[in-house]
């Protein structure tokens, strides 16, 4: 008996509430947590290689590679190509860097994902293990609502900016757009050929997750708003007349009573 009592006391102290996780407010937080991890993981872990083929008459085909990835500071990536066509035994290579930096868009997008992951993990803990605080303290749902609104703006701005960033990365890392800056490619237009421009599937997926997160956070605002004191509108009580004061019956048509009254007299 003592053991059962202690278990009940422990459960009350834990304030455990798992029901919230099957409600829209809690269930959507789980989806947001998973989606945020996928969004920043597909961006922060991105690496790609663009391959260029150099065709010279004096030596066989030489494939050179240009490696780039997150945070997309292209100035730190070098492209080494033969300086000019000549004797295959005396080939000198020249390094090229391209002064393009798309790190701000990428890092803001990743930061939005990391902040979302941290917040959703924390608020899920509050939903489950601190339910009494959330339901009794009116400021806790308000903070939840304000933070959700800020993250909604972050995801919208970050996804739009990153969409432009992905487009720019694809353009400036395309070997065909690098040829005008490479001497050996300018000397003979038939020397340089694009073998592979790079695989951007991961970045395309990151954009899908980004805009999906934006829609999730905007839709979650309603479910969080319902928990705030702003949604709890106090209805005014109905006006009840005092005792002893009764409304007079409506006036009846006297002509009608006179016409109908004779029919019911005995």
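For all residues, glycine too, the Cβ spot is worked out from N, Cα and C.
Taken straight from TrEMBL:
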- 241-253: compositional bias 'Low complexity' (COMPBIAS)
- 20-229: domain 'MARVEL' (DOMAIN)
- 241-266: region 'Disordered' (REGION)
- 27-54: transmembrane segment (TRANSMEM)
- 108-130: transmembrane segment (TRANSMEM)
- 142-164: transmembrane segment (TRANSMEM)
- 205-225: transmembrane segment (TRANSMEM)
Within the same chain, the residues 6 or more beyond the ends of the transmembrane segment (142-164) and with Cβ under 8 Å of it are 43, 105-106, 108-109, 111-112, 115-116, 119, 123, 134, 206-207, 210-211, 213-214, 217-218, 220-221, 224-225, 227-230
For the transmembrane segment (205-225), the distant same-chain contacts (Cβ-Cβ under 8 Å, at least six residues beyond its ends) come to 23-25, 28-29, 31-32, 35-36, 38-40, 42-43, 46, 109, 112-113, 116, 141, 144-145, 148-149, 151-152, 155-156, 158-159, 162-163, 166, 231
